[in-house]
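Note sheet for the following structure.
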Amino acid sequence: MSQSNQWQTICQTSDLIPHSGIAAWTERGPVAIFWRPGCEPELSAIGHFDPIARADVLARGIVGDVDGEPVVASPLYKQHFSLRTGECLEEEARVPVFPVRTEGNQVQLSLRDSASESASAA
Amino acid sequence: MAQKQLIVIGNGMVGHHFLEQFMATPAASDWQVTVFGEEPHLAYDRVHLSEYFNGSSHADLAMATRADYDQWGLDFHPGEPVTRIGRDGQRVVTDQGAYDYDALVLATGSYPFVPPIDGHDQDHCLVYRTLEDLDAIRASAQGARTGVVVGGGLLGLEAANALKSLGLESHVVEFAPRLMPVQLDADGGALLKRKIEALGVQVHTEKATTAIVPGDEARLRMNFSDESHLDTDLIVFSAGIRPQDKLARDCGLGIGERGGIVIDDTCTTSDPTIFAIGECALWNQTIYGLVAPGYTMARTVAGRLNQDEDAAFTGADMSTKLKLLGVDVGSIGDAHAATPGARNIRFNDEQGGTYGRLVISEDGKTLLGAILVGDNGPYDTLLQYALNEIELPDHPEALILPESEGGAPALGPDALPDTAGICSCHNVTKGDVCGAIDAGCEDLAAVKTETKASTGCGGCVGLLKNVVESELEKRGVEVNRDLCEHFPHTRQELFHLVRVNGIRTFHTLINQYGRGDGCDICKPAVASILASCWNEHIMATDHVPLQDTNDTFMANMQKNGTYSIVPRVPGGEITPEKLIVLGEVAKEYDLYTKITGGQRVDLFGATLSQLPEIWEKLIDAGFETGHAYGKSMRTVKSCVGNTWCRYGVQDSTNMAIRLEERYKGLRSPHKLKFAVSGCTRECAEAQSKDIGVIATEAGWNLYVCGNGGMRPRHADLFATDLDDEQLIRTIDRLLIFYIRTADRLQRTSVWMENLEGGLDYLKEVVLEDSLGIGDELEEHMQGIVDTYQCEWKAAVEDPEKRKRFREFVNDDRKDPVQHWTTERGQRRPADETEVA
């Protein structure tokens, strides 16, 4: 995993909401960014589009953990999506996952889907 | 093939049970069933007749509705007594016609025996069996001070209870030397007498009435054979029943010497085309005056009509467990030790007021019978010992001794054989319960629905619960009531932890009492608990991440990620000006508009960023949030009441608005719906609501724990003729008790059904304040009422909160995946084919 990430500033840290999600527009479409202070990982970014409900809603789900896996629950039909891998825990479905970091008060994304690349590399 | 004709004469409890059983069998489609009843009502619950004087109506006691019978395809003729059976032509005759039959079921029941005393047939001499009898008793009680019941048996004491609840000074006159001579012995009868007299009912035993004459101090005087007399304003005869066998007698069927239509094990009379069931039938020289044997006969006939050769009535256990005027009385099997060689163990606690007697076989191994007065605690266990001939423990006396004196714990459900009867009303055995669990029932409520166990008299609910829990545990189904993997507690426990420790955030709670980060199950549940306890704004920073999206954005998310908006319209009353505002807002934002079932207007299709703008306009026009998004009090539906309606007896709209204003915003385990009807016509459909209020001439009747939806349930009558303040106090207590003790997402109906003791227990807690928490419950509710705020008003005024309502935090564009089309002049989401 030596590829250099192309970091883009997406929004400000003041836009984040603790233990919850926000949606941001990117060249890859809508992305959901979750901030969970004190949890691991603290920041996560996945696709905002819910492939089961076919609507842009995942940033508005409840975050938490299921058997230790950090997840967001779809606000429409309540399936859980892993914040690490993007995999849906209940059904055959997956959302993209993006590397995310903060630089000062800026929230930055790398718009490659990290999970699919590491999966294809494996 | 043409349908055969089946006629059922009699529509009492047993007649109804036959229909209920038979119509569910394969053979039902081969028969056209016609039902005749003497009474104008369809079948009702005669066992609980005395509740008619405590506010229950015919509807509350009814076991069947016309709708049920229509659905079953029955041709029913209530109030059309059969006058003759023509066996030669296989035809029954009424005043209105003649009807042919291929098979006939007699379920004509019994009539009260009135001893042929001089003067027994004058005014104010009454009987106690039908609703009409009760109406006559009520009429006679007008202006009366005292009432006498002749007969100290089971029904007589029920009747005495009824007189007492009408406010009369009540007496019981019994010919035998003790009360309930059939079920009790001398010591038991004496204790029962003492207890009943302590409750204000005078008991006169060994009194033979010789004549009823005009009285000096009251309307009537009863003269007794010992030269004494008793003045009373009315007399109710309850000196036993006689089988109603006249039709059978007139057409020459076999009749017993002392009455009763003779039947064999298949419940067939001397005519192979005619069956008889219930109290009119005589089996093995015995009339069974209890409902359970009648039900068994009903099932036997239903089985026989389905060519079930095994269906048979082979006698019935006459054990009884009752609460008479609040006193426990139990009698099992051979209570009088008639079996040769039988031995007795008696425990008579005159101080504590309990009496127990065991009748044991000569070898000391089996229980033949028992008597209990004052405490029915051991009844279920004793009955199982007796019915299943389970070998007694070494010291059987422990079974009736109080536990402090070495009394034995109840017989564990494991000790029962599969054939052990659990529910005698519906003939459910332990094996049936196990079968239901094997078929997938995972809790008590599911087993009750599947088997009907404990849905009759309800006496077996404790036993059923034990069996269900024990069987579930045996199957490795851990009866786990933990909220989720993050909290090893039930919602009820968490509620107490939050309240007692003054916990105000999810993080404090999970750090102290849970593990992990939480999830979409525990977070909203805890948010609801916090809101019910402290009523802080749901969009406060600590609470926002706990909420389901509907609560977070205070609107209802629809399938395409847009939201619908439902402003509060208290009681469904809205001015034209406000209605116009709703129309204008809907037009401006192109919102699909629909009227809801709760008498409000729902505006669909608003995007996240439109929500605060729309609400600013609505709040300016005087609207408040309607909480349609929350597990909270939704609406109070109402009719116009006596302000407009010519039938209304109270101002139901005014009361609905008052209730809605009081309870708006109340967070609860499940959504709550109310309704208020202005008269008994019930146009607001209050009986399908969690809280239903129906106006009476004298005030309000309160119905509770009903619901529509997936498993509709009629609400139960909870209290009658309340004034405004009593009504609100009662609702305050009930709702807070629900909020404190219900499980997550548990409706009021399921909550109540799962409370041990059910409706009666709830009445004790709320109406009689049996737990001594009434004041506290009311204070809790008042605290919530006092801290109400319109969540939307608080949100639109706070720039930080408004920031959340952005589709994308870094871009103003619209959500690209929302596609629309137009139908019937309004905009709606386009489906995939329409998008393509």
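The count begins at 1 with the first shown residue.
Cβ atoms here come from the backbone N, Cα and C positions, even for glycine.
The model shown is predicted, which means the values in this text are computed figures rather than measured ones.
Checking TrEMBL for region 'Disordered' across the ranges B:333-353, B:816-836 points to B:816-836.
The DSSP breakdown of the region 'Disordered' (B:816-836), given as helix, strand and coil counts, is 4 helix, 8 strand, 9 coil. The residues near the [4Fe-4S] cluster site, meaning same-chain residues not in B:CYS639, B:CYS645, B:CYS679, B:CYS683 whose C-beta sits within 8 angstroms of the mean position of the site's C-beta atoms, are B:VAL640, B:GLY641, B:TYR647, B:GLY648, B:SER652, B:SER677, B:GLY678, B:ARG681, B:GLU682, B:ALA684, in sequence order. Annotation note: B:CYS683 ([4Fe-4S] cluster binding site) sits in a coil segment as assigned by DSSP. Among B:5-287, B:319-383, B:558-619, B:630-768, B:630-768 has the largest number of CB pairs under 8 A with the domain 'BFD-like [2Fe-2S]-binding' (B:422-469). Across the domain 'NADH-rubredoxin oxidoreductase C-terminal' (B:319-383), DSSP assigns 5 helix, 33 strand, 27 coil. Mapped onto DSSP classes, the domain 'BFD-like [2Fe-2S]-binding' (B:422-469) shows 26 helix, 4 strand, 18 coil.
Away from its own ends, the region 'Disordered' (B:816-836) comes close to residues 558-562, 590-593, 604-605, 607 of its chain (Cβ-Cβ under 8 Å, at least six residues beyond either end).
Summed and averaged per residue, pLDDT over the domain 'Nitrite/sulphite reductase 4Fe-4S' (B:630-768) gives 92.
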